[in-house]
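Engineer: Shown below is the structure under consideration.
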Amino acid sequence: MKISLNWLKEYIQITESAEEIAALLTGSGLEVETWEEVESVKGGLKGLVIGEVITCAKHPNADKLSVTTVDIGEEQLSPIVCGAPNVKAGQKVIVATVGATLYPSSGDSFQIKKAKIRGEVSEGMICAEDEIGLGQSHDGILVLDTDLPNGAPAADYFNLESDFVFEIGLTPNRADGASHIGVARDLKALLNRPATFPSVESFKVDNEKRVVPVTVENTEACPRYSSLTITGVTVTDSPDWLKARLNAIGIKPTNNVVDITNFVLHSLGQPMHAFDADEIVGDKVTVKTLPEGTSFTTLDEKERKLADTDLMICNEAGGMCIAGVFGGIKSGVKKTTKNVFLESAYFSPDYIRKSAQKHQLKTDASFRYERGTDPNITVYALKYAALLVKELAGGEISSPLADFYPTLIENFKVDVKFANIDRLIGKAIGNDKIKSILESLDIQIQNETETGFTAIVPPYRVDVQREADIVEEVLRIYGYNNIEIDDHLSSTFLSEFPSTDADGIKKETSRLLAGAGFHEIVTNSLTKDGYSTGTAAIDENENVKILNYLSEDLNVMRQTLLFHGLEVIDRNVKRKNGDLKLFEFGTTYHFIKEKYVERSRLSLFITGNSAPESWLAPSRKVNFHDLSAIVLKLLAKFGIHKIESQETDSDLFGYGLSISTNKKPIVQLGKVNAEVAKLADVSTEVFFADFDWDYIQKLSSSEFTFQPISKYPEVKRDLSLVVDKAVNFDDIRKLAEKLERSLVNRISVFDVYEGDKIDAGKKAYAISFYLQDQEKTLTDKVIDKCMSRLMQGFERELGAVIRK
């Protein structure tokens, strides 16, 4: 979440540096992950100047182009070819000079170069607002009304200001911090300074000529709904100050009305929606759910099938908006809109979470509604937005402010003991200090006695409902670093944990994998039950379910490390980082026979190319054999040599092997089933290995024996076998090792054939046998005898035909 320092300064006096503010917020629980100085317009309009069009003539070789000369404050006029239909002599314009880099509102940045356009020299560019990142309009060039001299920096005209933007890693419990005022509240307590928020005292209803009645049918999903109508608005671009605020936090300005709703959301944390009132069929709004399967086209022009739990804002003809999530394609504000219906509501987090998850829509509004907004701010936010619309878009408030709020959502009440605060903090900071901190956080103190009090917590603090939560609030504002550790305090924790064999095995495995080009990942133990319902490979009855989960994406404990690994791959592929080798040590969780079971696992993932393309060789996609090679190397490292393998029957894999020792599976590996990968939005081929890490640690030998490399030569012999399709290479390998264990050093396949040159139902393996004696050089007689025994065994036990 992005927070602008200049924006914060509208609510609280800040003299501290950005670095100091970042440290304060991080120490109080609003972790500032990064912060940077930014321009309100990317690039700061460097290289852009005020110019005056001196001459303008039709291009001799192009009907839609003009050839102009422009005064940009230099000795010579600049020739510029312009394609805008509204360019004329005498205009003051914005000129991008040669060498300037432009950052348009959409698309990639580009540099201005001297060029010839249809035979005419062009030394610069006369700019439209979207070309310099100031808006979306491309109807024509910006024509300025200014007395600034030609050649003056364009930034002077737009009064651009630098800003510092904090990227805050907001935890799910701190929904109150998802706005500038929310952050300002914390700073008010941390800095012990007053904060002032926008006044709405000037709000008044101008007339009642456009009343839109509202009916709320589902009060569980919509406990509060506030609205009003504004008529006679003019939808146009927002003023520079509003664009600057939105640009600073990465939101592209759209138009004045939509920008106001976004501004109020990021100011107050209250999502809002503006409807074109003339598109409300029947001049009546109903908040309700629609039948399962109802079609609805959203603003992104996608037709969606609604669930019967999707709360909808409807007119008499049907849905206009998925409440709290996303608007419809027809009902939104556009350039031709004259009358606006403004909504400010409190929606149930559970309903919004389900809708956002079902339709895979993550919006700024749903982000806040899912976590819980302030039910008692809807009217204030609505008045504030209405006043801004009147100021920036004109019009009149043409209906009473309607407020459906049948059941008041009460403050939380928490009984607190002073002694418990001191005990949990580990220090007595004084009762007055405790009360002062809580009151600075808008938590009221009632029923105070010598031993304690009742804390009255506003509903927007959904994370403060227990005595321990109150203690946390006191401690984070007092400062964790201000709690000294007394000398007499002792701990049962060791600063260094003794190393165990298990630790050593894990470290050695990590080193080996890192040396093979793998990167370690650490993912969440919580996941969504949609993964278990999406594939038969995961038994949903074994899910360990989470009570009072915060998100549908985190409602069960994971049964496999696969899906979070796929999510990591998906994020990287979308960022053009598709050549990946990953590993993770983690725990899986299962509910089996009325018991909770935890299992340690090691997972490997490979995808993309095995090596980048070079002059020496083309790139090559990773394959199953790349994965099996590292798996076998790990098993050898663990001292596990006696293994058996067979085709895996797990639906997680499209194909693969299950490797066992002592008849117990230790690892499954193969290509991830394409349908399973799609559950995590992965469309590339992924190869995955899943080790039973608990069993590996039991088997792993702590002492390794080393065998010297034989000084006698290895001999290679090739053999072609025709066998039934049901016979796989592992059957051949096992039989060869059984028949000639002392001489067969290794076996590999170099060709497999199925076709019309052999009988139906058959396949041919071309296999290389590598023979070696540790004590002497093999003679032709010994080699021939060995190969003869192998061929006889293949014919006898596998029904093979030896191809000559």
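Cβ coordinates are placed from backbone N, Cα and C, and glycine is handled just like the others.
In TrEMBL, annotation is done automatically, which means it is predicted and not curated.
Worth saying up front: this structure is predicted, and the values here are computed from it rather than measured.
What TrEMBL lists as Mg(2+) binding site is D463, D469, E472, E473. Residues or ranges marked as domain 'TRNA-binding' in TrEMBL: 42-155. Among the features that TrEMBL reports, domain 'B5' is placed at 409-485. As annotated by TrEMBL, domain 'FDX-ACB' applies to 710-803.
Map the listed features onto the structure and describe their local environment.
Structural biologist: For D463 (Mg(2+) binding site), other Cβ atoms within 10 Å of its Cβ number 20.
Confidence across the domain 'B5' (409-485), taken as the mean pLDDT and rounded to a whole number, stands at 93.
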Engineer: With a radius of 8 angstroms around the mean position of the C-beta atoms of D463, D469, E472, E473, what other residues of the same chain does the Mg(2+) site pick up?
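Structural biologist: Output for this site, in sequence order: R461, V464, R466, A468, I470, V471, R476.
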Engineer: Just how many other Cβ atoms lie inside 10 Å of the Cβ on E473 (Mg(2+) binding site)?
Structural biologist: 24
Engineer: Take the Cβ of E472 (Mg(2+) binding site) and count every other Cβ within 10 Å, whichever protein chain it belongs to.
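Structural biologist: 16, counting other Cβ atoms within 10 Å of E472 (Mg(2+) binding site).
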Engineer: Relative to the Cβ position of D469 (Mg(2+) binding site), how many further Cβ atoms are located within 10 Å?
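Structural biologist: Result for D469 (Mg(2+) binding site): 17 neighbouring Cβ atoms inside 10 Å.
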